[in-house]
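First, the structure itself, so that you have it in front of you.
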Amino acid sequence: MKTNLLNYDLQGLTRHFADMGEKPFRAKQVMRWMHQSGAQNFNEMTDLAKSLRHKLNEQAGIEIPKLMMSQKSSDGTRKWLLDVGTGNGVETVFIPESDRGTLCISSQVGCALECTFCSTGRQGFNRNLTAAEIIGQLWWANKAMGVTPKNERVISNVVMMGMGEPMANFDNVVTALSIMLDDHGYGLSRRRVTVSTSGMVPQMDRLRDVMPVALAVSLHASNDEVRNQIVPLNKKYPLKELMAACQRYLVKAPRDFITFEYVMLDGINDKAQHARELIELVTDVPCKFNLIPFNPFPNSGYERSSNENIRVFRDILQQAGFVVTVRKTRGDDIDAACGQLAGQVQDKTRRQQKWQQILIGQQG
């Protein structure tokens, strides 16, 4: 079986070429061809000796996930469904703005966590994505938009906020991050690459030590009682532990704050008292808040908070001195908004079946 070179960062690629009896600079050449020029064929790599190209064609490949579906929203947001084999597909979303272009990347086929307000969580879980399947989303997005990072940068920011919990696929995510940041890869700034987590505390500490990029925490609640219900991982890593991990992360973080993501659920976590509890909770954590109006999906059981409740919630936080943004919903007409990504998951957890049985019971 041929080796997929997209699975390697520069360090891994250098070792691979050493095993082939080649010099280290060859790894840099091939990495630039793959990621900066979008090459998918070794014969395109004209500064490699023909003998090396022949050897690579015999032993290796550049395997990119295949496109299953492409959609474009009325607001310019683009979504791609990529085939990762055995009936599974993952979704990648590009969000254009006047001052940046942000790509939202998936890390798993489905998600092993069961956040109750998230469409991905309802789909169950199949497997972790390989490093090639993660970085292949960035490769594909550039290709789909007709650009190469060497000549034109359309994607300025990457957020690991698509399908899956990135920290639960730690090693492959770190390899992909290494490629994103490498000057021979995509040359992105650590400040412009964000990993989102629901609060896997040990992995937060590991990421701080090996690949400190910007960090977003899917908080969504101001107390353990509510968070236990909507983010079950909280039962393992409660808020006190999570806040301590955030403080530790900031010691090496490229930004001097944590971004707390907070989905606004009507009647669940959107009252003035919740905002005041949040202020108390994050007293020792430099942070900003990103309030996310809930994006509905079929049979979710939740409603979006009213604009008035969101405004009051925001004002309480701002008056306490916090930077607060209310996320503008983008791409909801193509189910590309936050919490709507579902992809195509061959579930191994029986979670899809469980939710179907619950819905049938409710309808009966």
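Backbone N, Cα and C define each Cβ position, glycine as well.
Source: prediction; values computed, not measured.
According to Swiss-Prot, the feature active site, proton acceptor maps to Glu91, an assignment based on sequence analysis. The domain 'Radical SAM core' feature in Swiss-Prot is assigned to 97-333. What Swiss-Prot records for Cys104-Cys338 is disulfide bond. Annotation source Swiss-Prot lists [4Fe-4S] cluster binding site at Cys111, Cys115, Cys118, citing sequence analysis. The S-adenosyl-L-methionine binding site annotation in Swiss-Prot covers Gly164, Glu165, Ser196, Ser218, Leu219, His220, Asn295. As annotated by Swiss-Prot, active site, S-methylcysteine intermediate applies to Cys338.
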Identify, among the recorded positions Cys104, Cys115, Leu219, the residue whose Cβ has the fewest other Cβ atoms within 10 Å in this structure.
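Checked Cys104, Cys115, Leu219; of these recorded positions, fewest Cβ neighbours within 10 Å: Cys115.
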Specify the nearest of the recorded positions Glu91, Cys104, Leu219 to Cys115 ([4Fe-4S] cluster binding site), where nearness means the distance between Cα atoms.
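The answer is Leu219.
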Among the binding-site residues Cys111, Cys118, which residue has its Cβ surrounded by the fewest other Cβ atoms within 10 Å?
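Taking Cys111, Cys118 as the binding-site residues, the minimal 10 Å Cβ count falls on Cys118.
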Between the Cα atoms of Asn295 (S-adenosyl-L-methionine binding site) and Cys118 ([4Fe-4S] cluster binding site), find the distance and write it as a whole number of Å.
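Rounded to a whole number, the Cα-Cα distance is 9 Å.
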Of the recorded positions Glu91, Cys104, Cys111, Cys118, which one has its Cα closest to the Cα of Glu165 (S-adenosyl-L-methionine binding site)?
Cys111
Considering every residue in the domain 'Radical SAM core' (97-333), what is the mean pLDDT value?
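Mean pLDDT across the domain 'Radical SAM core' (97-333) comes out at 93.
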Rounded to whole angstrom, what's the largest C-alpha distance between any two of Gly164, Glu165, Ser196, Ser218, Leu219, His220, Asn295, listed as binding S-adenosyl-L-methionine?
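The S-adenosyl-L-methionine-binding residues span at most 19 Å between Cα atoms.
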Cys111 ([4Fe-4S] cluster binding site): which of the recorded positions Cys104, Ser196, Leu219, His220 is the nearest Cα neighbour?
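Comparing Cα positions, the closest of these recorded positions turns out to be Ser196.
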Judged by the number of other CB atoms within 10 angstroms, which among Ser196, Ser218, Asn295 is the least packed of the binding-site residues?
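Relative to the other binding-site residues in Ser196, Ser218, Asn295, Ser196 has the fewest Cβ atoms within 10 Å.
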Sort Cys104 (disulfide bond) into helix, strand or coil using the DSSP assignment.
strand
